[in-house]
Amino acid sequence: MTHEFTESYDVIVIGAGHAGVEASLATSRMGCKTLLATINLDMLAFMPCNPSIGGSAKGIVVREIDALGGEMGKNIDKTYIQMKMLNTGKGPAVRALRAQADKSLYAREMKHTVEKQANLTLRQTMIDDILVEDGRVVGVLTATGQKFAAKAVVVTTGTALRGEIILGELKYSSGPNNSLASVTLADNLKKLGLEIGRFKTGTPPRVKASSINYDQTEIQPGDDKPNHFSFMSKDADYLKDQIPCWLTYTNQTSHDIINQNLYRAPMFSGIVKGVGPRYCPSIEDKIVRFADKERHQLFLEPEGRDTEEVYVQGLSTSLPEDVQKDLIHSIKGLEKAEMMRTGYAIEYDIVLPHQLRATLETKLISGLFTAGQTNGTSGYEEAAGQGLIAGINAALKVQGKPELILKRSDAYIGVMIDDLVTKGTLEPYRLLTSRAEYRLILRHDNADMRLTEIGRDIGLVDDERWKAFEIKKNQFDNELKRLNSIKLKPIKETNDRVQDLGFKPLTDAMTAKEFMRRPEIDYATAVSFVGPAAEDLDAKIIELLETEIKYEGYIRKALDQVAKMKRMEEKRIPTNIDWDAIDSIATEARQKFKKINPETIGQASRISGVNPADISILMIYLEGNGKAHRKY
């Protein structure tokens, strides 16, 4: 079929949420002429649910996005109202940053960034169809009948695909926050042959700040110690005038109100069909599933400096409006609270992610990429991370360059994508530190050391960032080398000082680095014995040194595991493999291999239901069958 295109682009990104913004900024910064199409320009990078960025695992993803040259970290550092480091009492592998955002300012700042970006056109329009010829993307069709040519298309539609809002017995077609749903595109994605799933998520009510009795709640302040999501942010710019959050709880009266109205709850009445998030359940679901709990935490989170709206985290619900009011008024501190917005549930279509490659390109259609909630994830950070990788690979494909695949040992983003494309997901997927087997090397503090060189190679890390990174890396390497070269001897003068500090004396000579491996010896103590570095070191470099030195043994073990897995990842599986021709593999493994079509032995080994014997048989088969080949 011959199309008459009115405009032509290298890449078209459909949807301007957190995934779409990162995808379009990446492609345009890599030199591709890009169109970012959105149903509503006023909702670019909008936060329809929680007014926050980061958190456990998610905060590390934001650091990874920043290290690669993405935008989310820089944008939240410009627009937060509170910053807090989580899990400080635990090991470095699980520490992560979380920020309360001024949600309106966050969206405005991101829109300014997009509007100023070269090679990027921003357009309010609805895309109804993906145009495909001979298994390849050639463009898109708008609702007004315009056809735009494209060499690659990235679908980042969030919860808009056949979206339906549910509130009590009310159910109507809508995207998030009463925006337009994208119904025709949902139909056409299915017609293209993609398998579609149906998920559900929800949001809590918002209450008016001036109607809250804060005396009945517990204050939750931000941190005084400076922390940032972006490696380019300066401590001098750290916000001093932070806005606190507040903690309260449900109670038996709250639970009684919910239990008495379960018959009106869409989750239990049969109105909701989609699968909801396991790790962010509605309050009615929590009351039923955890009936033995006397109370549940609720955090009152301001949505910005210039609004009275307060987000009641932990109270996600689709109960009828009158029940929501009664529920709010049963809670300590909210007895007279004014509900400004009701909570609601939203159902939406997703593209089942086992149909994707690790580049986030669909296996079915060349040049078609999907990212974010479209792939079945939950959360702004997961969406942004996928959007960045999809955008990078769309640009690389257009330019005829090698693709970028982040491995599980490279980044949490790599863990997430591998989980999605290898295991799929039966519910909205959320990143957790427990999903990462190499989490000690995927830390908050070393994201730039892991990923900035990759960002530079693909063209997303500019000269200013690269220079700052090189300075930091050289300072780190030089100081590590110095600490490993200076020796402390068990002489009387040294041991007297060690004992004066309350520590065990030295029995053998050791390097300053070995001295620092003692749990009680921090960097400041070590340099008091061996002298300071040649130049003043930033606190973040010192933190990195302490972690790398104190956990060196564990880190080395993790790197050994990575090396073993790398050998399996390098063993490719051909696309034209005949799974039925492989004798002796288990029926379940054969079925999973056919469905997932793994690209490497490593990926095949991570598919649920596949055992080591199946992998051994597969490897023997591949060694004896050299004719097959994989190509995209």
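Using N, Cα and C of the backbone, Cβ positions are placed for all residues, glycine too.
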Exercise for the section: Name the residue, out of Ser182, Ser316, Ser318, that Swiss-Prot lists for the same FAD site as Gly15, Ala16, Gly17, His18, Ala19, Gly20, Ile127, Gln373, please. Expected result: Ser182
Exercise for the section: Please report how many Å separate the Cα atom of Gln373 (FAD binding site) from that of Gly276 (NAD(+) binding site), as a whole number. Expected result: 13
Practice task
Among the binding-site residues listed here (Gly15, Gly17, Gly276), identify the one with the smallest other-Cβ count within 10 Å.
Solution key: Gly276
Problem - Those residues of the chain, 6+ apart, with a Cβ under 8 Å from that of Lys286 (NAD(+) binding site) - result: Lys293, His296
Handout entry: Residue among binding-site residues Ser282, Gln373 with least C-beta crowding, 10 angstrom cut-off
Key = Ser282
Handout entry: Largest tally of Cβ atoms lying within 10 Å of a Cβ, found at which of the binding-site residues Ala19, Ile127, Cys280
Key = Ala19
Practice task
May I ask which residues of the same chain, at least 6 positions away in sequence, place their Cβ under 8 angstroms from the Cβ of Val288 (NAD(+) binding site)?
Solution key: Leu262, Phe268
Practice task
Taking the Cβ of Phe290 (NAD(+) binding site) as the reference point, list residues of the same chain whose Cβ is under 8 angstroms away and which are at least six residues distant in sequence.
Solution key: His296
Practice task
Tally every other Cβ atom lying within 10 Å of the Cβ atom of Glu284 (NAD(+) binding site).
Solution key: 25
